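Accompanying notes for the structure given below.
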Amino acid sequence: FCLMAAPGKVAAFRLPPLPTVGEIIKLFRLKALKQLSQNFLLDLRLTDKIVKQAGELKNAHVCEVGPGPGGITRSILSAGVEQLLLIEKDARFIPGLQMLSEAAPGKVRIVHGDILTYKMEKAFPKHLKKNWEDEPPDIHIIGNLPFSVSTPLIIKWLENVSKQDGPFIYGRTQMTLTFQKEVGERLTANPGSNQRSRLSIMAQHLCTVENCFVIPGQAFVPKPEVDVAVVHFTPLVQPKIQQPFELVEKVVRSVFQFRRKYCFRGIETLFPENGRLKRTEQLMMTADVDPTLRPFQLSMSQFKKLCNAYRKMCDEDPSLFVFDYREELRQKKTTGSLLGSTGQPEQTEEENQL
């Protein structure tokens, strides 16, 4: 049996004695599923440390994503939260979470569902809503995410931040989440860093992103092949690039298509073949960005200029925004094979690069 509060910490709320997380795993015969990239964190000092990164949780409303056997859940409850919403996809964990719910009467709500499809707009009471310009609401999202879900989920939530919907309908909701160490490095990478990527720009233009600390792989059961980063996000009052999410995402994705080549090579993929070179030159000149910089060398203000210049061109020619370079490549490939084209290998190589 274990005490929930870390030594020397006065907990606002104390759970009654319960089986340890390890005992819960044995009791309900829970096994981490490799296909769901599950890894359990049993050390309550580490789960306390993760929860501490979220900030002051006394009387807060928290949503925990993928609580699994409930290690982080215990630390959240020990922080004295008002309400805890648990969203768990794997039905095997529900009985163990039910046990925690009974130990904290009236505090825990368990939803058996998928966070990627769960409607967060109605997850919290309306009175918690704050204006976007105000301090963040008393709402937090915390989760030790399976690696397979973490990147698509953060992209989805960044889009929600941009549109101020989903969990951000309540204001600038803060998030404390785990990622593979490499993904954590990408999220916080500065210009010039080898880890600088599409994810760096999308996250940093919308949020303050902090790489809090790294948990060694051996702290998890089963031990993953990589270490794990704990990352904290606070949405910005004003995004660094004031353009629609889809437009920013398209420009950034195009620039990073060929991350080792000059940035103009990726910019070219924004335009149809007919007039591609001329339009690329026009965009680079309007944005005043050096075409021989590599994608990872570009600063946020340079991405902002590229997005603004591209938006101007799209306003003048709306067909530009719906242009899809990959689709053009596919059509060329189909036409080429029908005609027995000799240009085939070059196109295939280009597709491989993409």
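Along the chain as shown, residues are numbered 1 onward.
Note: Cβ is positioned from N, Cα and C throughout, glycine not excepted.
Those TrEMBL annotations? Automatic predictions, nothing curated.
According to TrEMBL, the protein has these features:
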- Asn39, Leu41, Gly66, Glu88, Asp114, Asn144: S-adenosyl-L-methionine binding site (BINDING)
- 46-237: domain 'Ribosomal RNA adenine methylase transferase N-terminal' (DOMAIN)
- 334-346: compositional bias 'Polar residues' (COMPBIAS)
- 334-354: region 'Disordered' (REGION)
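Shown here: features listed in TrEMBL, placed on the structure.
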residue: Leu41; record: S-adenosyl-L-methionine binding site; contacts (Cβ under 8 Å, 6+ apart): Thr47, Ile50, Gly71, Ile72, Asn144, Ile215, Ala219, Phe220
residue: Gly66; record: S-adenosyl-L-methionine binding site; contacts (Cβ under 8 Å, 6+ apart): Ile87, Glu88, Lys89, Ile115, Gly143, Asn144, Leu145, Pro146, Val149
residue: Asp114; record: S-adenosyl-L-methionine binding site; contacts (Cβ under 8 Å, 6+ apart): Lys89
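Of all residue pairs in the S-adenosyl-L-methionine-binding list (Asn39, Leu41, Gly66, Glu88, Asp114, Asn144), the one with the greatest Cα separation is 21 Å apart.
Within the model, the domain 'Ribosomal RNA adenine methylase transferase N-terminal' (46-237) shows a mean pLDDT value of 95, rounded to a whole number. Other C-beta atoms found within 10 angstroms of the C-beta of Asn39 (S-adenosyl-L-methionine binding site) number 21, with every protein chain shown included.
For the binding-site residues shown (Glu88, Asn144), fewest C-beta neighbours within 10 angstroms: Glu88.
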